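Residues or ranges marked as domain 'EngA-type G 1' by Swiss-Prot: 3-166. Positions annotated as GTP 1 binding site by Swiss-Prot: 9-16, 56-60, 118-121. Per Swiss-Prot, domain 'EngA-type G 2' is recorded for 203-376. Per Swiss-Prot, the feature GTP 2 binding site maps to 209-216, 256-260, 321-324. Taken from Swiss-Prot, the feature domain 'KH-like' covers 377-461.
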Amino acid sequence: MVPVVALVGRPNVGKSTLFNRLTRTRDALVADFPGLTRDRKYGRAEVEGREFICIDTGGIDGTEDGVETRMAEQSLLAIEEADVVLFMVDARAGLMPADEAIAKHLRSREKPTFLVANKTDGLDPDQAVVDFYSLGLGEIYPIAASHGRGVLSLLEHVLLPWMDDVAPQEEVDEDAEYWAQFEAEQNGEEAPEDDFDPQSLPIKLAIVGRPNVGKSTLTNRILGEERVVVYDMPGTTRDSIYIPMERDEREYVLIDTAGVRKRGKITDAVEKFSVIKTLQAIEDANVVLLVIDAREGISDQDLSLLGFILNSGRSLVIVVNKWDGLSQEVKEQVKETLDFRLGFIDFARVHFISALHGSGVGNLFESVREAYDSSTRRVSTAMLTRIMTMAVEDHQPPLVRGRRVKLKYAHAGGYNPPIVVIHGNQVKDLPDSYKRYLMNYFRKSLEVMGTPIRIQFKEGENPYANKRNTLTPTQMRKRKRLMKHIKKSK
């Protein structure tokens with residue numbers, strides 16, 4: 001499970017600065033839902049291979065209304081959602097009554113809490129944090145969020161319990177590996193395969209969307225049709241529910257972010273949107289069903305969720321619910337709007353359904369299987385290199401400083417999502433337009449549907465880089481003769 005880190009503290013202690021520094025590693029603000037999240041912002045970040053979700057909360061400015069009340073509005077919710085809390089204080093301003101009130105509340109919660117003293121740049125950290133030891137939260141971590149000083153050390157301590165989940169990276173001679181695979185494939189031999197068989201694993205399917213778009217209705221419709229649910233496996237109170245099921249002799253794990261409930265027990269309170277549940281479900285899924293309300297159309301919240309799905313590299317099927325009862329004219333308008341606003345994700349299948357009446361629900365699983373198979377398909381190095389060569393022949397890379405960018409070979413760099421690694425010279429100077437061209441060319445050539453393709457570029461190393469030129473004895477004698485000739489001519 002992806003860990004969740006919440007930033008809490010008074011206003012202007014640097015929470016947003018730290019949030020921006022952390023999420024900038026992925027260059028994405030995941031979601032900002034006014035009115036739903038109480039000014040909380042959610043971001044996705046990565047440190048040394050460990051991904052986590054970061055929550056930036058609004059500041060708590062005083063105790064006049066009671067810390068409990070102010071916390072309940074935004075920060076308390078963030079604390080409850082989080083696995084770890086970073087309590088930030090201002091080292092320049094010193095200890096404030098609001099800091100003491102927040103610390104008192106945090107001590108009453110059974111959450112790992114790290115006391116972070118920000119704005120220590122230009123100060124003696126040891127002296128600046130002395131007063132904050134009275135808060136009773138243990139070790140203090142001095143940082144300067146604006147400059148990044150101390151942030152990495154802090155995160156190493158914060159994420160330590162989850163670092164065991166990160167697989168160590170092995171050093172691989174990719175050039176040697178490529179030529180070995182290429183030679184084997186040219187000789188008609190099968191390239192060595194790893195032990196991973198995607199068809200032997202159940203497909204993890206997450207159903208996500210805004211409140212009241214019909215997620216629970218769709219979940220109950222799917223489960224009601226199949227009637228093969230063995231048992232529910234709830235995690236903690238904030239975890240999604242994982243439901244094993246089977247359809248057409250294929251195993252699935254349905255990740256329900258709202259919980260499976262009887263129709264009579266579904267209330268507005270129970271249907272409340274949980275951002276964290278949704279983000280974690282997306283991270284844990286193989287395929288995501290994004291449910292959209294046909295009557296309301298595409299909203300900014302839908303696009304925020306869509307952005308997170310794409311950034312996560314998950315396979316995607318778009319489900320337009322509540323299609324029944326709409327006039328033909330309205331249906332055409334909805335389709336035109338979808339084509340306009342979702343034109344940039346032409347790789348995803350779009351289904352128009354009625355979860356309430358069941359129309360179109362059965363067709364979803366064909367697209368789910370297609371998307372999963374596309375995302376886990378193994379493609380040989382030789383095939384990827386041939387596709388790259390054809391793409392270059394059809395459209396040459398641009399000139400960079402008078403020299404044409406040279407693409408050498410391509411190989412698979414990962415799956416779910418599919419990653420194609422292209423090696424070449426000056427690839428860092430390729431314009432984004434050509435990178436998009438290559439991505440679309442690979443997608444069409446491989447007939448990938450339902451999943452994004454990622455292209456990574458690696459610069460070929462110059463074997464003479466950082467090496468001093470050494471003249472041969474013949475070259476040295478020639479150099480001496482030339483130098484004598486130059487001196488005589490003077």
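Cβ atoms here come from the backbone N, Cα and C positions, even for glycine.
On a predicted model such as this, the values are computed, not experimentally measured, just so you know.
Here the features listed in Swiss-Prot are placed on the structure.
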{"residue": "GLY9", "record": "GTP 1 binding site", "CB count, 10 Å": "25"}
{"residue": "ASN12", "record": "GTP 1 binding site", "CB count, 10 Å": "14"}
{"residue": "LYS15", "record": "GTP 1 binding site", "CB count, 10 Å": "25"}
{"residue": "THR57", "record": "GTP 1 binding site", "CB count, 10 Å": "26"}
{"residue": "THR120", "record": "GTP 1 binding site", "CB count, 10 Å": "24"}
{"residue": "GLY209", "record": "GTP 2 binding site", "CB count, 10 Å": "24"}
{"residue": "ASN212", "record": "GTP 2 binding site", "CB count, 10 Å": "14"}
{"residue": "LYS215", "record": "GTP 2 binding site", "CB count, 10 Å": "25"}
{"residue": "TRP323", "record": "GTP 2 binding site", "CB count, 10 Å": "20"}
So, in DSSP terms, is GLY9 (GTP 1 binding site) helix, strand, or coil?
-> strand
Using Cα coordinates, what distance in whole Å links ASN212 (GTP 2 binding site) and THR120 (GTP 1 binding site)?
-> 46
Residue from GLY9, ASN12, LYS15, THR57, THR120 whose C-alpha is spatially nearest that of TRP323 (GTP 2 binding site), among the binding-site residues = THR57
Please report the DSSP secondary structure of GLY209 (GTP 2 binding site), reduced to three states.
-> strand
Can you see whether DSSP assigns LYS15 (GTP 1 binding site) to helix, strand or coil?
-> helix
Closest by Cα to GLY209 (GTP 2 binding site), out of the binding-site residues ASN12, LYS15, THR57, THR120, is THR57
Summarise the model's confidence over the domain 'EngA-type G 2' (203-376) as a mean pLDDT value.
-> 78
Fill in the CA-CA distance, THR57 (GTP 1 binding site) to LYS215 (GTP 2 binding site), as an integer in Å.
-> 27
For THR57 (GTP 1 binding site), just give me the three-state DSSP call.
-> coil
